[in-house]
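Okay, structure first, notes after.
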2 protein chains.
Amino acid sequence: MSAHTDHAHTAAAPHDHAHCVADALTRADALCAERGARLTILRRRVLELVWSSHRPRGAYAILEDLSQQDGKATAPLTVYRALEFLVDQGLVHRIESLNAYVGCAAPGASHSGQFLVCEGCGDAAEIDDPSIRSAIDAAATVRGFRVQRPTVEVRGVCKDCQEKHP
Amino acid sequence: MSAHTDHAHTAAAPHDHAHCVADALTRADALCAERGARLTILRRRVLELVWSSHRPRGAYAILEDLSQQDGKATAPLTVYRALEFLVDQGLVHRIESLNAYVGCAAPGASHSGQFLVCEGCGDAAEIDDPSIRSAIDAAATVRGFRVQRPTVEVRGVCKDCQEKHP
DNA sequence: GCTCATGATGTTATTTTATAACATTTCTAA
DNA sequence: TTAGAAATGTTATAAAATAACATCATGAGC
Ligand SMILES: [Zn+2]
Ligand SMILES: [Zn+2]
Ligand SMILES: [Zn+2]
Ligand SMILES: [Zn+2]
């Protein structure tokens, strides 16, 4: 069995993050190839920067990284367009309540877009809980509402932060 | 029994909206009095403007209304501060995915903050579905996450809009 | 190889949304 | 009435996102 287990990595838990990012990029390469979507150099760089931490990152933070790497100013649109592509491909999620973006832990699989957002450390743990999804679907169906994109963002305090500040 | 029934009004369904707004203001008066919170003239006016439709409204739209009523420019902060108060009191909800605000249909009661947001008509129907809430609580508990404020915003198409564009 | 249509990126300017810092006014309770 | 606190006014700025248009890259078809 691989050293990389299935359990989700977090910003807090120490782990081989380079591997983590490399995995994400490899998955993205495979998925885009499979779909005929063009994961260009720029988009791939932006994806890598989104993954640079396990925390949600703002578009302008990514913009700064990009500008610094290139030694010249990059325009916001450059980043926003790349992010739009990545979100459309399901490689990145946008956290609405933070105006920020985070790499998807399981692209390809169904994305319900559920996050536990910690007020303490800023971590946004992606979960995919079928019972939340089915409860939403049921509530929508009863009201004749056709679901396109359910968003669940739960603000609170993660386990680690609770232990640190009891 | 009152002419006003319990079922939720929507922007689409014709109804006595003046009554609708008056009710919201009366409820707000009562709640704030009960809590010793100060629903000042300004805050009450902003609440009324939030309720001016059943659709989410942006802070700057409310700002324009306010400026027009007074015949002079109002500063954004004026509106944002009032909105902050109203959100804190649970009289208004912020729809994160729209950067907009909508009157709460049932202030005082527990607010889980669940919305069905229609892409067609812009309506944001507030629901309070216990099974969604308990599914979220269960998922959080399993992960040791302490829930403070769950946000559910479901994008899709409402019943009316589906019937209009089949 | 060329050629053109399409998609991607560059460039400049602007819009939309939200907050900071500090002054003044209003309310409340002692 | 008179602090002290809360609310509002004022001015300036920050943060997030998009519009409009030009240029460049890519790849299918010839
Ligand atoms: Zn990692
Ligand atoms: Zn935390
Ligand atoms: Zn109404
Ligand atoms: Zn609709």
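Note that Cβ sites are derived from N, Cα and C of the backbone, with glycine treated the same way.
All annotation found in TrEMBL is predicted automatically rather than curated by experts.
Annotated features in TrEMBL:
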- A:CYS118, A:CYS121, A:CYS158, A:CYS161: Zn(2+) binding site (BINDING)
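The DSSP secondary structure for A:CYS158 (Zn(2+) binding site) is coil.
Following the DSSP three-state reduction, the secondary structure of A:CYS118 (Zn(2+) binding site) is strand.
When each of the binding-site residues A:CYS158, A:CYS161 is scored by how many other Cβ atoms sit within 10 Å of its Cβ, A:CYS161 comes out lowest. Cβ proximity to the Zn(2+) site centre (mean Cβ of A:CYS118, A:CYS121, A:CYS158, A:CYS161, cutoff 8 Å) flags the following additional same-chain residues: A:ALA12, A:GLU119, A:GLY120, A:GLY122, A:ASP123, A:VAL157, A:LYS159, A:ASP160, A:GLN162.
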